[in-house]
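What follows is a set of notes on a single structure, which appears directly below.
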Amino acid sequence: MQLQYIQKGRLKIANQLEQFITQDVLPGVQLTAEDLWTKFAHALPELLSINQNLLQKRVSLQQQIDQYCSTRQAVNVQEYKSFLTQIGYLQDSPNDFQISTQNVDPEIATMAGPQLVVPINNARFALNAANARWGSLYDALYGSDIIEQTSGSKTKGYDGTRGQKVIDYSRKWLDIIAPLKTGSHKQSKNYAIDNGTLLVTLADDSIVGLKSPEQFVGFQGAIEQPICILIKHNNIHAEIQFDQDSVIGQQDTANIKDICLESALTTIMDCEDSVTAVDAADKTLVYKNWLGLIKGDLTATISSGNKQTIRSLDPDRQYQSSTGGAFSLSGRSLMFIRNVGHLMTTDAILFDDKPIYEGIMDALVTSLIAKHDLLDNGVFKNSQAGSIYIVKPKMHGPEEVAFADLLFTKMETVLSLATHTLKIGLMDEERRTSLNLKACIKAAKDRVVFINTGFLDRTGDEIHTSMQLGAFATKASIKTRPWLNAYEQSNVITGINSGLSGKAQIGKGMWPTPDNMADMMQAKIAHVRSGANTAWVPSPTAATLHALHYHQESVFNLRMNMNVQVDGLLEQMLNIPLLNDEKLSSEQIQNELDNNVQGILGYVVRWINQGIGCSKVPDINNVGLMEDRATLRISSQHIANWLMHGVVTKEQVEKSMLTMAKLVDSQNKGDDEYINMTPDTQASIAFQAAHELIFKGKEQPNGYTEPVLHAKRQELKKRAMQ
Ligand SMILES: CC(=O)SCCNC(=O)CCNC(=O)[C@H](O)C(C)(C)COP(=O)(O)OP(=O)(O)OC[C@H]1O[C@@H](n2cnc3c(N)ncnc32)[C@H](O)[C@@H]1OP(=O)(O)O
Ligand SMILES: O=CC(=O)O
Ligand SMILES: [Mg+2]
C-alpha cells in the first residue's frame, strides 16, 4: 500500500506520524503545527546538505584507506600515521580545554552507577528499565548463576537452602556497603534507630554502630520498628528491608526480607541498534513509547497464566530522615534517548519529495516529545536540571560531532528551547572518533554529557576499515590485542583531561552475556577501576548486581590517582589486530565460521521476520549472547574479511549457512511466531538478508548492517500485505 502523506510546504509527513505529532505530542508544548513544520523546513536544506557531504567523506576516506591497505601486508605505524594525517582521517589534537556543559543532573555528573540499555519499542521492557533505578539484590542473586544450583535442578517453589546462600552472600556485601564499627553484618540480629543513630545488635548481644554513622540517612515505617533502613554509600543508596512475617524475613536472624539497591542510575531508551524501525509505522511506535515514558502514562499489560497485571512507571520513594523530616528519592532511572546515527534516510518525512535523514527526524521528534518534561507536563519529572539527554551513535570524527552539535542547535531554535538544552552523549565507537576523541569532545563541549566506549561497533569498524590489509584474528583474539585496551584507556584519560569528571559520564560498554552474571561480577569491576563512572548492562538484574561494584570502589577517588598520560596510546590503537603469524587449525577456522554464522542467522531471522531488534542467541558453545546490530556488524564483517583473504571459501560459508540455518530453526521450535528458514532458504527473506550481509559485507558502508536489514524487513512487510 502506498504511504499516505500530509503536505506542509516543501515537507510531506506520513499520515500516521503527522497525526501522532498533531494530536498527541503538540498539545501542551507551546508550539503550533504550522510553526513547527515551517521552522523545521527552514532548517532542513543546510542540514541535509552537510549530512550528505559527511557521508560522502566517509566513502572517500574509506576508498583511500582501502587503496593504501590493498598494497601492503602490514603497516608501519609511523608511515601509516602520516598517511592518515595527510588524508584528513587523523586530525591535529586541539589544545587543552575543559567542557562547559551546564544543567546536568547528578545521576550523570556526580554519581557513579550502572547504565541500562533497552529497546524502546518494547513497552514492557522499557517500563521495566525505567523502574530499574531500584532492584532487589535477593531476586537478582536468587535468579542468577552467582549462587550455584543447590539441588541439581531448579525447584519450583522457594528453595530455602538457596535462599540462605543468597542471604549469606548479601550480608558480605552489607559489610562493604555499610561497614560496622566492629564486627560484621553476618552476625546481625537486630537493627534499631536510637536518637537518629543506627545501632546493630550482633549474635553476641554486643550493640554496634556504623563505622561512618552519617551513612544512615533515612528509614520507612515506625521509628521503633522500621520496615526499611536507608544507607548512603559512595553517593548511591541501599535499603535494608525488614518483614518478620515474610517467608524470607522469618528465615533471617534480623528479619531482613531483602536488600534493595539503587541500580540503574541512568537508562538509555534505544531507538537505534536494539530496535527494528524501518518505516513510518515503526517510527511512530518508537516515538509513542518515548512520549508515554516522558509523560508518565505508558503502560504494558503483563500476562502470566490467567493473571494479568498492568506495568507502569514507579513513583518516587518516600523516607523519614535520620535527622528528622521527610524526603524522597527518585523511583526511576534518569532517561537518555538514543537517536540513530547520520547514515540512514527515512520516508516517514519527505523534503521536496525525497526522504530525509532519519537522525534529523529523530532529533526533531524525540526533543519535541521531551519538551513535555521541561514544561512539567508529565506525571513525573525526568530531568530536574531541565535538560534533554540524547545519545548520538556511530559518528566518525570531529566534523560529524560538530554536525550533531549544529543539528541540536537548530532543533533548539525550531522547538523554542534554550541554547544547549539538548545534551549529547557521544558514542566513541568508530575508529575515526577514537583516534580524534579530544577534538570530538571539543566539537560538542557545551553540551557533551557522556563519552562511552561502544566496543562492539568499534570492533566492527576496526575490521571494516582495514578490511583490505589482511585476515583478522579470531573474534576472541581481537579482544586481547593491544588496540582495544589502548582505545578503552585513551577514552577515559581523554575524558578526564577534558574535564568530564564531575560534569559528565565516562562510560564503558555492554556486558554481552546476559545469563553469565557470575562472570560479570568478576569482570565488570574492571570498568569501575578503569575510571569509568558508568558501564552498560543488558538487564535490570545485571544493573542491580553491577551496582555492587560501585560500592566496592569509589571511582571519583580512584580518578584522583590515575595516570592521565595518553602517550603511546594512539600508536597502539593503530596496531591492527590481524591474524599475522597466528596459525589456526582447520577445526578452529570452521568453529569460528560456524559461530559467526549461527549468531548472524539467529539474530537476523528474528529481526527480519518478527521485528525483534535485540535477541539472546546461543553461540556455538550454547552460551546465550546479546546480539544487536553492532554484534551483527562484527560477525558479518569478520566472515567477509576471511572470505576476502581466503581463510574460508565461498562454498564453505554457504555450507555453514545451511547447517546453521537448520540448527537455528530447531533452536526456535518453541516460538509460535517463528518462521523457519529451511528447507527453502531461497524463499526465506531472512536467510537471504544474512547471505547478503556476509557476501556483500565488504561493500556495506563502514560495514553497517542497517541498509540490508531495513531493505529486507521492508520487503517482508510488503510480502505480508500481498
Ligand atoms: C552494542 C549496543 O548497542 S548494546 C545496546 C543494545 N542492547 C540492549 O539494549 C540490550 C537490551 N536487552 C535485551 O533486549 C534483553 O535483555 C535480551 C534480548 C538481551 C535478553 O532478553 P530475554 O531473553 O527476553 O531476557 P530474559 O528472558 O532473561 O528476561 C526477560 C525479563 O527481563 C526484563 N528485561 C530484560 N532485558 C531488559 C532490559 N534491557 N530492560 C528492561 N527489562 C529487561 C524483561 O522485562 C523481562 O521481564 P518481565 O517478564 O517482567 O517483563
Ligand atoms: O553501542 C554500543 C556498542 O558497543 O556498539
Ligand atoms: Mg554501538
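Just so it is clear, glycine is given a Cβ too, placed from its N, Cα and C backbone atoms.
Bear in mind that TrEMBL entries carry predicted annotations, made automatically and left uncurated.
Some features that TrEMBL has for this protein:
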- Val117, Arg124, Phe125, Ser274, Arg311, Pro538: acetyl-CoA binding site (BINDING)
- 158-233: domain 'Malate synthase G alpha-beta insertion' (DOMAIN)
- 335-565: domain 'Malate synthase TIM barrel' (DOMAIN)
- Glu429, Asp457: Mg(2+) binding site (BINDING)
- 588-672: domain 'Malate synthase C-terminal' (DOMAIN)
- Cys614: cysteine sulfenic acid (-SOH) (MOD_RES)
- Asp628: active site, proton donor (ACT_SITE)
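Checking the binding-site residues Arg124, Ser274, Glu429, Asp457 against ligand 2, the ones with a C-beta less than 6 Å from an atom of that molecule are Glu429, Asp457. Asp457 (Mg(2+) binding site) falls within a helical segment according to DSSP.
Mean predicted confidence for the domain 'Malate synthase G alpha-beta insertion' (158-233): the pLDDT average there is 97.
Residues within less than 8 Å, Cβ to Cβ, of Val117 (acetyl-CoA binding site) and separated from it by at least 6 positions along the same chain comprise Ala129, Thr267, Ile268, Asp270, Ser274, Arg338, Met510, Trp536, Val537, Pro538. Checked against ligand 3, the recorded positions Glu429, Asp457, Pro538, Cys614 give Glu429, Asp457 as the ones with a Cβ under 6 Å from it, listed in sequence order. Asp628 (active site, proton donor) and Arg124 (acetyl-CoA binding site) are 19 Å apart (CA-CA, integer value). Listed binding-site residues: Val117, Phe125, Glu429. Those with a CB atom under 6 Å from ligand 1: Val117, Phe125. On its own chain, Asp457 (Mg(2+) binding site) has Asp273, Pro393, Lys394, Met427, Glu429, Glu430, Ala630, Arg633 as residues at least 6 apart in sequence with a Cβ closer than 8 Å to its own Cβ. Largest CA to CA distance in the acetyl-CoA binding set (Val117, Arg124, Phe125, Ser274, Arg311, Pro538): 21 Å, whole number. Around Pro538 (acetyl-CoA binding site), taking its Cβ as the centre, 22 other Cβ atoms fall within 10 Å, counting all chains. A 10 Å radius around the C-alpha of the residue listed as 'cysteine sulfenic acid (-SOH)' takes in these recorded positions out of Phe125, Arg311, Asp628, in sequence order: Asp628. When secondary structure is read from DSSP and collapsed to three states, Val117 (acetyl-CoA binding site) falls in the strand class. Residue counts of the domain 'Malate synthase C-terminal' (588-672) by helix, strand and coil are 57 helix, 8 strand, 20 coil (DSSP-based). In the structure as shown, the Cβ atom of the residue listed as 'cysteine sulfenic acid (-SOH)' sits within 10 Å of 23 other Cβ atoms. If you take the Cα of Arg311 (acetyl-CoA binding site) and the Cα of the residue listed as 'active site, proton donor', they are about 25 angstrom apart, rounded to a whole number. The Cβ of the residue listed as 'active site, proton donor' lies under 8 Å from the Cβ of Asp273, Ser274, Leu456, Tyr603, Gly613, Cys614, each on the same chain and at least six residues away in sequence.
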